[in-house]
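**Student:** In case it's useful when we look at the structure, here is the feature table from TrEMBL:
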DOMAIN    5-303  domain 'DUS-like FMN-binding'
BINDING   64, 132, 161, 217, 218  FMN binding site
ACT_SITE  94  active site, proton donor
């Protein structure tokens, strides 16, 4: 069973991924937040940091991209191949209107002919291509026209989040529709959606025993040892976990400090990090409040010291 980490914009950037894998580990594959080709034909510097240089990023990294045209797919296939990657992931699942209105993300799903046109005219199998998608944009039957196309063009794997785009992340995942597709496509499908604890994983695995890939997201941010629990790996004792958390925090702080300029920029990165990081402590609300209120590095360091004086939550 492969356990991967979904990209969470603003949280699972290259700094987080490096620090997590170094200090805690357990994730088999990381997916980058999606890269976008700008109107002037370049990739933003912030996006380049996610994938360049390849040798300095974790070796289990799959670069993800958005595209709605042959030109974009061609660019990313060449770009990632030249960087040394052998896999890439096409995001056809993003539900946000600012993306779907441009015919990208889940905005592509009502247009199977467009998907086929892009693949037919452009994809050259320079890299192994997987796709992350939803059941549809506004209709959960849209995926039925997309999957045969993807399979016909040697797409290596489809990671399916069983909601429609217009749901965003509201409501329940549609396990009945996932089951319909699972019965037809089997382990060609990976699963993503609302796996927030070991019990959630066990439920999905019991329903779909041949699954080979489960992608988790916010569940990991709230519990860094969720992959260990899923895989049946013994957890470190409380003291070791505290040290792992402290070392991870320190690595993240150092990495951000290495390229951000000034206390303000560093704090703009570190404070959101604690939104989930604080959930590992018993007094999580009090811990996060102290972090949010801190002004400047010295006050921040005092808040961090207070946080690590608290008890960790039980396993």
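Positions of Cβ are set from backbone N, Cα and C atoms, glycine also.
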**Student:** Over all shown protein chains, what is the count of other CB atoms within 10 A of the CB belonging to residue 64 (FMN binding site)?
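**Tutor:** Total other Cβ atoms inside 10 Å, all chains included: 24.
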**Student:** Give me the count of other Cβ atoms within 10 A of the Cβ belonging to residue 132 (FMN binding site).
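**Tutor:** Counting Cβ neighbours of residue 132 (FMN binding site) within 10 Å gives 26.
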**Student:** Among 64, 132, 161, 217, 218, the annotated FMN contacts, find the widest CA pair distance and round it to a whole Å.
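**Tutor:** Spelled out: the longest distance between any two Cα atoms in 64, 132, 161, 217, 218 is 18 Å.
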**Student:** With DSSP assignments reduced to helix, strand and coil, which class does residue 218 (FMN binding site) get?
**Tutor:** helix
**Student:** Could you list the residues of the same chain, at least six apart in sequence, whose Cβ is under 8 A from the Cβ of residue 161 (FMN binding site)?
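**Tutor:** Same-chain residues close to residue 161 (FMN binding site) (Cβ under 8 Å, separated by 6 or more) are 93, 132, 133, 134, 173, 192, 193.
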**Student:** Write down the Cα-Cα distance for the residue listed as 'active site, proton donor' and residue 218 (FMN binding site), rounded and given in Å.
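**Tutor:** So the Cα of the residue listed as 'active site, proton donor' lies 16 Å away from that of residue 218 (FMN binding site).
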**Student:** Please classify the secondary structure at residue 64 (FMN binding site) using three-state DSSP.
**Tutor:** strand
**Student:** For the residue listed as 'active site, proton donor', what is the secondary structure state per DSSP, taken as helix, strand or coil?
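**Tutor:** Where the residue listed as 'active site, proton donor' sits, the three-state DSSP reduction gives coil.
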**Student:** Around the Cβ of the residue listed as 'active site, proton donor', how many other Cβ atoms lie within 10 Å? Please give the count over every shown protein chain.
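**Tutor:** 22, counting other Cβ atoms within 10 Å of the residue listed as 'active site, proton donor'.
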**Student:** Cα of residue 217 (FMN binding site) to Cα of residue 94 (active site, proton donor): how many Å, rounded?
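**Tutor:** So the Cα of residue 94 (active site, proton donor) lies 14 Å away from that of residue 217 (FMN binding site).
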**Student:** Tell me the Cα distance separating residue 94 (active site, proton donor) from residue 64 (FMN binding site), rounded to the nearest angstrom.
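**Tutor:** Checking the Cα atoms of residue 64 (FMN binding site) and residue 94 (active site, proton donor) gives a distance of 11 Å.
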